[in-house]
Amino acid sequence: MNSPIALNRRLGTNPTPVLKNPKPYKIHKISHIKLPCTMFTNSFRTFCFMNNPFTDKFPYKARNFELSRLRASSNDAQSIAGTSFGDQSEARASSFLEFITSERVKVVAMLALALALCNADRVVMSVAIVPLSLAHGWRQSFAGVVQSSFLWGYMISPIAGGALVDYYGGKVVMAWGVALWSLATFLTPWAAETSVLALLAMRILLGIAEGVALPCMNNMIARWFPQTERARVVGLAMAGFQLGSAIGLTLSPILMSQGGMYGPFVIFGLFGFLWVLVWVSATSSTPEQSPQISMYELRYIQNKVAIPSLSRNEKKTRQVIPPFRRLLSKLPTWSLIVANAMHSWGFFVILSWMPIYFKTIYHVDLREAAWFSAVPWSMMAVVGYFAGFWSDMMIQRSISVTLTRKIMQSIGFIGPGIALIGLTTAKSPVLASAWLTVAVGLKAFSHCGFLVNLQEIAPQYCGVLHGLSNTAGSFAAVVGTVGAGFFVELVGSFKGFLLLTAFLYFSAALFWNIFSTGEQVNFDEAA
């Protein structure tokens, strides 16, 4: 007799045996157990995707992209198995290893490299101005005009550039900016040999293009990094900016000795074109647009970036002209404008005139003067990161953002003011370089003050707000750079100008501490 079991054995199947008089199962409640729902969600998503009849109609690259995202999310689900999934909107803080290998660190590394090129391209003229002045018979006052011509362009673009950054995103605007300023740098030798007007035009184009760099940096960091990481990330990006000064000041004399007066312009211009190719192919404006980012990092950024207006009001902010009147009606905006103006005044005066200062005051040659001027910028790069780390730690330990920003900015202004007074008393180039190193190094604390504060008081307008404050900074830098040249011709000494700069530092610190805030400001209503 062919029983069902015997028949199934011949057919090679192994059905579940039917038990006689089965005992009923007891049902136990397990509602108190919290399961990692993300793993089941991702598995179900993978099943649906692979069994979707329309999947075959997707382009090959789209299917691979989706599968890579699913695999990354599956791996990430295992890596965050220790997280409390009762509240899925929260994600644990990333470890140091996860941080340095993350996609957002690649973004900030590229930003730091761009800012290094930005500053290297502008400081080349600080070294080349000496042989150029000798070759063309320029006076010191006209040399100041040539150096400040960069700032004429730099004063034009930040506001428009900031609005473009808020509209198109940091990736596109930064790519165009680096391409244009690299072209201006590359063509500077041709312009210098053609006419003074052509040289001034190239310097103005350099300034226009570089005016978008810092708004782009702020825009990208606001979208890629949570507040508890932002100060140290700004420190990393600005470290590139300061190292660009050191690289430009130290390499320019060497390249000039090997490749002629215009060698540095050609080399740095070519490096800029190479950077653009890597930037366009390897980065994205937002984490959501990145094909390389893991699902865990994407979720972490979305949960931790405390700027909801960037996502909810994105469409709105991209369709309207920035509310300039309301932005300028608030005192925290003016505290940023004053701080940026003072920071730029001191920055460009030191950057443009210190090689000449060491050459005329201490009678050192051009290459040695460049070395003395470059050491402080290297210190600023190092101090900037540690200042950012300290700033983030203060916020993590529940110190208010407002107090943190005021402490950082006070160190960044009062410290350099005192150091510049000390610089006027230095009797040797080594001692002068030490005082200058202290002044420039302490300036790095400003990056954890006003530069981060831009993202905090107006996250949806951080690009245009940075443009407004940058324009004021550029105007102050023009006045300081040109004024230093005329001041030295009239008085015959740098010391009086350094004392004036110290007084302005103290005044700006007082204004900042009275009117700044670390909280988001409501710019939808006028004051």
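Yeah, the Cβs are placed from backbone N, Cα and C, and that goes for glycine too.
All annotation found in TrEMBL is predicted automatically rather than curated by experts.
Over in TrEMBL, the protein carries these features:
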DOMAIN    107-519  domain 'Major facilitator superfamily (MFS) profile'
TRANSMEM  107-130  transmembrane segment
TRANSMEM  142-165  transmembrane segment
TRANSMEM  172-192  transmembrane segment
TRANSMEM  198-221  transmembrane segment
TRANSMEM  233-255  transmembrane segment
TRANSMEM  261-280  transmembrane segment
TRANSMEM  334-354  transmembrane segment
TRANSMEM  374-395  transmembrane segment
TRANSMEM  407-426  transmembrane segment
TRANSMEM  464-488  transmembrane segment
TRANSMEM  494-515  transmembrane segment
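A contact between the transmembrane segment (107-130) and the transmembrane segment (172-192) is present, since 3 or more of their C-beta pairs, 6 or more residues apart, lie under 8 Å. Of the Cβ pairs linking the transmembrane segment (198-221) with the transmembrane segment (142-165) and spaced 6 or more residues apart, 3 or more are under 8 Å, so the two regions touch. Of the Cβ pairs linking the transmembrane segment (261-280) with the transmembrane segment (374-395) and spaced 6 or more residues apart, fewer than 3 are under 8 Å, so the two regions do not touch. Same-chain residues lying 6+ beyond the ends of the transmembrane segment (334-354) with a Cβ under 8 Å from its Cβ atoms: 122-123, 126, 144, 147-148, 151, 245, 328, 369, 372-373, 376, 409, 412-413, 416, 436, 439-440, 443, 446, 449-450, 453-454, 457, 465, 468-470, 472-477, 479-481, 484-485, 494, 497, 501, 504-505, 507-508, 511-512, 514-516. Away from its own ends, the transmembrane segment (374-395) comes close to residues 227-236, 238-243, 245-246, 249-250, 350, 401, 404, 407-408, 411, 433, 436-437, 439-445, 447-448, 452 of its chain (Cβ-Cβ under 8 Å, at least six residues beyond either end). The transmembrane segment (464-488) is in contact with the transmembrane segment (142-165), judged by 3+ CB-CB distances under 8 Å for residue pairs 6 or more apart in sequence. On the 0 to 100 pLDDT scale, the domain 'Major facilitator superfamily (MFS) profile' (107-519) averages 82 in the predicted structure.
Between the transmembrane segment (172-192) and the stretches 142-165, 233-255, 407-426, it is 142-165 that has the most C-beta pairs under 8 angstroms.
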